[in-house]
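Peer 1: I have a structure here, written as structure tokens, and I will follow up with some questions on it.
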Amino acid sequence: MKAAIPWAVELGLTVLYTVLCSALFLTIYVQLWLLLHYKQKRFGYQSLFLYLCLLWASFRTVLFSFYLKNCAQSNDLQPFPSWLLYCCPVCLQFSTLCLLNVYFSQVIFKARCSPEFNKYKTPLRLGFLFTCLLFLVVNLCCILITYGSVSADQQGWITMTRTIVSDCLFAACSLTLAKNTYKIANLSPAYVYLESKGTSGHQAVVTGSVISLLYILRACYNLVVISISPENKPSPFSYGWNGVSDHAVTEDVIGLEYLLFGIIILLCELLPMGLMVYFFRAKRLSQNLEAAGMVNSHSFGSRAYFFDNPRRYDSDDDLPRLASARGERGSLSSTPKTSAWYGAICPSNGCALSPPLLNGPPSGTPILFTCGAQTLA
């Protein structure tokens, strides 16, 4: 079989993508070791994202290395190896997109202290899991069918069906991600929650916006191309979500067209995966919120305050309980017992409202709450 692209263009693009994918693979590998070094969760959103991106980078590195050594043989693989190298990375991309949707949805629920999160957590995760499985099954079945004894007309319809289903799913999940990103951008507590996790709200907004925009543009591009392409005529622009396998049999193309293909793959695959790796990179969580910019050291004295506690967000499951705690403030008593400073943490459950001028003028910050032998101000 003749090489799909001219040798000079093939060599340049293949070397470039091999180097970029290898660099991303090594970066993710180091990040996974840093997770162990920092003694963070071995199985969570962060580690799961890094593992998916690691698999994507490994498959792409093997594919482009294959093209660098023997382009003709890479175009003549068996069905499953061909799917593994060409389609599986795209399925991994879609999985990371769905997982990012779940993570951003969780951030919104946690930031709002919504008690409904535990109610919708399981249906939300199952819904995106079903979407990932649907994407995987459609792509796997269509690729395996095209390797059977089917006519050219049937193969064209199968490719069109796979592209339409895949791109529509990508577009729908990208729109959902854009909606969640917009909510996070307009939700101040989400910034505090994300900073407590070692990242920032601005990084989340930039990551979600860029990824959703790139995937939406790529989906629209594929749908337009497949709708205007002539039947039974391969086109150098008919790349689809299957990547190189859609144009592996194309022979008469010029280097400029494949340069455009390289730019599309760079923007719609490498850039989104690189942004996810940067957003979920291993970080040593700061135990001092002043260093993270969450507390201004000039605004408070030297005493300990409730909002200075850097471990208040350690448990994600405790955040929805804050909503129920707000309703308990109306039942506070008004009998003071002792004096204390504003913001002192009360260890017991019974708190009482303490008027600031009941026992004479205060020497410092006015007293607001009392609790047993201690006082909340």
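Cβ atoms here come from the backbone N, Cα and C positions, even for glycine.
Note: TrEMBL annotation is automatic and uncurated.
As listed in TrEMBL for this protein:
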type: TRANSMEM; residues: 15-36; note: transmembrane segment
type: TRANSMEM; residues: 48-68; note: transmembrane segment
type: TRANSMEM; residues: 83-105; note: transmembrane segment
type: TRANSMEM; residues: 126-150; note: transmembrane segment
type: TRANSMEM; residues: 156-178; note: transmembrane segment
type: TRANSMEM; residues: 204-228; note: transmembrane segment
type: TRANSMEM; residues: 258-280; note: transmembrane segment
Peer 1: Can at least 3 Cβ pairs under 8 A be found between the transmembrane segment (204-228) and the transmembrane segment (126-150), with each pair 6 or more apart in sequence?
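Peer 2: No, the transmembrane segment (204-228) does not contact the transmembrane segment (126-150).
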Peer 1: Can you work out whether the transmembrane segment (48-68) touches the transmembrane segment (258-280), with the criterion being 3+ CB pairs under 8 Å where the paired residues are 6 or more apart along the chain?
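Peer 2: The answer is yes, given that the two segments have at least 3 Cβ pairs within the 8 Å cut-off.
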Peer 1: Select the range from 15-36, 83-105, 126-150, 156-178 that forms the most Cβ-Cβ pairs under 8 Å with the transmembrane segment (258-280).
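Peer 2: The stretch with the most contacts is 15-36.
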Peer 1: Could you name the stretch, out of 15-36, 126-150, 156-178, with the greatest number of CB pairs under 8 A to the transmembrane segment (83-105)?
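Peer 2: The stretch with the most close Cβ contacts to the transmembrane segment (83-105) is 126-150.
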Peer 1: Same-chain Cβ contacts of the transmembrane segment (126-150) under 8 Å, 6 or more residues past its ends?
Peer 2: 79-80, 82-83, 86-87, 90-91, 94-95, 98-99, 101-102, 158-159, 161-162, 165-166, 169, 173, 241-242, 245
